[in-house]
Amino acid sequence: MRLSSKHLTLLILLAIVALAPLAFPSNFYYRIGALAFVNGLAVTGLVILIGFAGQVSLGHAGFAGIGAYTCALAPIYLGLHPALAMLLGTVISAGIAWLIGGPILRLKGYYLGVATLGFGILVSMVLANEVPITGGADGREVPELGLRAALKFIGIDLSNAQFWYAFTALFLLGGAWVASNLHDSAAGRALRALHDSEIAAGTVGVDVARYKLSAFVLSAVYASLSGSLLALMNKFITPDVAGFLHSVELVTMTVLGGAGSVPGAIAGATLLTLLPQALTALQAYEHMILGLIMMLVMIFMRDGLVPTLSRALRGRG
Amino acid sequence: MTELLQYLVSGTTVGAAYALVALGFTIIYNASDVVNFAQGEFVMLGGMVTFFAWQAGVPLPLAALLAIVAAAVIGVLLNKLAIERAGAAPVVSLIIITIGASIFLRGGAQLVFDKQLHRFPGFSGDEPMNVGGVTILPQGLWVVAVAVMVFVLLYVFFTRTLTGKAILATANNRVAAKLVGINTDYMMSLSFALSAAIGALAGILMTPISLTSYDLGVPFALKGFAAAMLGGMGVPVGALVGGLLLGLIEALTAGLVSSTYKDAVAFIVILVVLFWMPQGLFGRKSMERV
C-alpha cells in the first residue's frame, strides 16, 4: 500500500511525539514539549489562515486570550466544568471571529494586519483593565481539568507533566490532521486559489468572502483551544497570553518553519519554543534574538526554514 | 468649560506628536510602499539617546542632535540591511521584517540603556502657564510649533527642491526615476533617514511631558499609524490633521469617558476608518490593478 504524503507526515509527527520522551532526561522536558504542542496548535490554525488563504493576522493571541480566560472564568461564574468551558471558549472565539471577520477580511495586506492587531490589543486591554473580573495584570487562577485524576482511577498513572504532554499532543495531532485534510479538499484548493489571486479565484466561481471568513473562524478556534490548553496546563493565566508579543510570536513561528506547510509550521513552533530554554544564559538578549530571527528568515529564506532546507537537500540529492 | 479647553490643549499637544510620527510613516510609505512597524522605535530612540547623553554631561541641544543623527543612521541601516535586501517581498514578509526590527531595537535599548522611565527638563523650563484658567506647559507649545515647522519644511522640501522631487519621482515609479538618472537607492535611504529623524524629534519633544522608556515604541507606532490612516495613508496634510484629530479624540475620551481605555481610541479609530472610509479624510480612492 502506498501512503499519501499527508498520512506519511502525520505518521512521522506521531512517531516523533511518541519517541521523543525516550530521550527526555527529566520531567521538565515533558513540559517544554507540551508548550511546543500548545504553540504548534495555534500555529497550525495560522497555517490555514496565512499559508493557505494568504490572509495575515497580528491579533490571534486575542483568541488565545478568550479561550484561556473562558477556562478561568466560566467554571466560577457559570459553574461549568473546565472541559465545557474550553468548548464554550471556542464557541465564543468562533462567534467573535465570525462577527469581526466579515468587515475585517475585506481589508488587505497592511490594513488587515493593523485591524487584527487592533482587535488583539483591545482584547488584552480589556483583560488587563477589568480587574474585578479578570484579576488584571496579576492574572487569575484556573481550575483543575480533573482528567488526570480520572485516568488514575482507571489505572493509568501519569505525572502531571506527562499527562499534559500526551493530552496536548492529541490536540496537535488532531489539529494537524484536520488542516492536512483541508489542504487537499475542495475548500483547501479554493483557499489556495484565492491566496494567489482573489480576482482569479472569484472569476472561476470561488466565493472569496465566505472562504476567507471560514479560514479566519477556523484559525480562531485553533488559537482559542491553544489558549485554553495553556491556561488549564499552567492553572494560571495572565493577560500576556492575549498580548501583541504573543500574536507576533505565533506569526513568526508560522512563517519561520514555512507558512504553507503544517509540519513546517509545527517545526517552527517547536524551534521557537525551545529557543528561550536553550538560551537561558542569553536571556537578556532574548528579544534581540527573536527580532533578528524574524528579519533574517524573511530576508534570506522567504518560504520559511523547512521548505527552503528541503529544497536545498533535494537539489543536492 | 475650562475643563473642556484643558482637554483640547493637552489633546493638541499629544496630537502634534502623533502627527510627527504619522509624517514619518507617510514619508517611508510614499517612498517604498512599506509600512514601517518599527517607526515607534525611532520615537523611543529619540527620547532615550537624548536622556542618556544629557545625563553623561552633554548639553541638551547637542544631546538632542546626537539622538536625531543616531536614529537617522539606524533608519538608513534598517533600509540597507533589511528592506532593500528583502526586495519585492510579499506584504506579510515586510510586516514581519519591520516588526522584527522593532523587537530587535527594543531589546537592544533595554540592554544598552535600562528599563526605567526617564525625563529631562523642558526646553523653556517646566513652569506651567495659566491662560484663562487653562494650564499650558511651555513644552506643549514647543511640540506644536515644531510639528508645524517640520510640516512646512517638508512641504518646501518636496515641492521646491530637486532632491525632494527626486524622492517623489522614486516613489511614483522607480524604474522611470532610474531612467532619468535618479539614484533611487540613495533616495530610499534618504527617506528612511528623514523619517527616522522626524520620529526621534517627536520622542525628544514629548519626553519632558510624558517621559520616555524602552517600550514606548509600539504604542507610538500604532497611534502614528492610526493618525496616518485617519488622514489618508501617504498624504502629508492627512498625517498632520489625522494626528491632531487623534490626539483630541484621545484627550476628550480620557477626560469625559474613561482614562483606562484612552489607548483603545486609536484602534477604534483605525477600525472605523477602515470600514467606512478606507481612503481616510484626504486620501484618494485607490484602484487595484489586476
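Placed from the backbone N, Cα and C atoms, the Cβ positions cover glycine too.
Residues or ranges marked as transmembrane segment in TrEMBL: B:6-27, B:60-79, B:91-113, B:133-158, B:186-205, B:225-252, B:264-282.
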- Message: Let me check one thing: do the transmembrane segment (B:6-27) and the transmembrane segment (B:133-158) come into contact, meaning three or more Cβ pairs under 8 Å with sequence separation of at least 6?
- Response: yes
- Task: Take a look at B:133-158, B:186-205, B:264-282 and tell me which one has the most Cβ pairs under 8 Å to the transmembrane segment (B:60-79).
- Result: B:186-205
- Are the transmembrane segment (B:264-282) and the transmembrane segment (B:133-158) close enough that 3 or more Cβ pairs fall under 8 Å, when only pairs 6 or more apart in sequence count? no
- Positions whose Cβ lies under 8 angstroms from the transmembrane segment (B:264-282), at least six residues beyond its ends: 222-223, 225-226, 229-233, 235, 237-238, 241-242, 246, 249-250, 253
